[in-house]
Each structure stands twice: as C-alpha cells, then as structure tokens.
C-alpha cells in the first residue's frame, strides 16, 4: 500500500528531534503526543482562571505549559494552545487585561530568550513557514498521505481490516499499513467509511453525555459552557486531523478522563464568573 517506515525520519527520529534540536517529550512519550496532552493542561488552567480560582497561579502554570508545548515543536498543539488563549482573552475582560499586561511584560523577555534559544526560535518559525526542508517535507508528506488514503478508500470503502494500521500489524504476515498521520484516516482504513461514521457518532455521544452532566452539575453559564466544549472538540479534531495522537494512551486517557470530570469542576460559588 505504499507504506514508508522512514516517513518520520530514520528510525522515526523526527518524533523526538527536529533539525538537530531535541523536542520536549516529558521523558515518557514522543513529542507529538506530549504536546497535545499539555494543551489540555492549558485549557484547564484557563478554565480555572475564568472561574476565579487562583488566577495568577493558573496563568503562570499555563505559560510554563505553553513554553513546553513550543519546545515540543508540535505545530498542531501550538495552534490549539493559541486558540485557547485567544478565546478566553476575547470572552473574559479580566483575562483580556491580564493578557495585554503580560504581553507588554513578555516582549523584552522574548527578546532575551531569542538570543538564548535562537535555535529553537528559528526552527519554531520554520515549522510554520516551511522555510526548512524538514518542515516542507512534513507538510507535503501529510498532503500526499491524505491523497493516498482518499484514493485507497475510494476504491476500497470497506477498508483493510482491524489492526492493520497500528502495532497490531506486527502480528500479521503481510504488511497492510498505509502512512496516514491522521487518526480519521486510520479508523477509516481499518473499519471502512461506515466504521468511521460509527466512530464519529460514538465520539459525539461522549460529548453529549458530558454536556448533559454539565447542565445538571456544572457551574458554567451557557456561553461559557459552549466555549469550553468547543475548545475540547477543537483539541480532538486538530490532534486527530494532524496526527494519530488519539490512538495514544498518553493523550487519550488524559483527554477522556478530563472530559468526563469537567462537569464536576466547581471552583467558585458563583454560577458565572466573567
């Protein structure tokens, strides 16, 4: 099916380093899953801030997490974190004021850190501008993998079979893998188009159950409620569209646990904190 075992570099070295720079992994995961996992931490910190719980501490922790996300060099995770900050800033007056103040304070800090971590800064910029060969190859590779997956599914809408795209393939005599770097294509190739639809319906049911519990036990007013679940959905969609992170326990266990417990997150006595 055109599987390239070196699509993430020789011996998959790009998941832990990029253009000679070590990517932040936390020591227990690859950089990609680590980055997406930390976006959940940023979201929780911003929700705590929104509910008035130890705002300064939550803001500091979120920035530490954001720095770690940037050092993971995971583009999707950085975009998600930026989206989280943007949405909370524009929907919360106190967050907007803190954001402006911190931005003014951080400008000279960034100027200094650029000299100290100039290699990281250069690579990080290159990741979003495709100015480096590795970054261009990563972007084009994802496009090619998406086209190959769509072409295969158009001819074989029932997919290849369960376990053919993950580590379970090692138990197979024949290698039926196809590079995807996309969780939705991964599911479709294993279970077919119908299986993908069933999987999406199941995912939607988990969100519905969480929102239903949130209406009963939650402490969010309606617009805050929609903001929180929109961001949860964005984290999952972006991570699934740009990687196979949802198949990793590093990301998925944390994600679904937080989604299940978020309706019971009551950090303030006020029903709605702005």
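Positions of Cβ are set from backbone N, Cα and C atoms, glycine also.
Note that TrEMBL annotation is computational and uncurated.
If you look up TrEMBL, you'll see 31-53 (among others) marked as transmembrane segment.
The transmembrane segment annotation in TrEMBL covers 59-88 (among others). Residues 18, 21, 23-26, 31-32, 34-36, 38-39, 41-43, 45-46, 49-50, 95, 98-99, 102, 120, 123-124, 127-128, 227, 230-231, 234-235, 238-239, 241-243 of the same chain lie 6 or more positions beyond the ends of the transmembrane segment (59-88) yet place their CB under 8 Å from a CB of it.
The annotation domain 'O-antigen ligase-related' is assigned in TrEMBL to 61-198.
Residues annotated as transmembrane segment in TrEMBL: 95-117 (among others).
If you look up TrEMBL, you'll see 183-205 (among others) marked as transmembrane segment. Long-range neighbours of the transmembrane segment (183-205) within the same chain, counting only residues 6 or more positions beyond its ends whose Cβ lies under 8 Å from a Cβ of the stretch, are 145-146, 149, 152-153, 156-166, 236, 239-241, 243-247.
According to TrEMBL, the transmembrane segment annotation covers 226-245 (among others).
If you look up TrEMBL, you'll see 251-268 (among others) marked as transmembrane segment. Here the transmembrane segment (251-268) has Cβ contacts under 8 Å with residues 33, 36-37, 40, 44, 47-48, 51-53, 206-207, 210-211, 213-214, 216-219, 228, 232, 235-236, 239, 245 of the same chain, all six or more residues outside its ends.
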For the transmembrane segment (226-245), distant same-chain residues with Cβ under 8 A (at least six beyond the ends):
32-33, 36, 39-40, 43, 47, 75-77, 79-80, 83-84, 87-88, 91, 142, 180-184, 186, 203, 207, 210-211, 214, 220, 251-252, 255, 259, 262
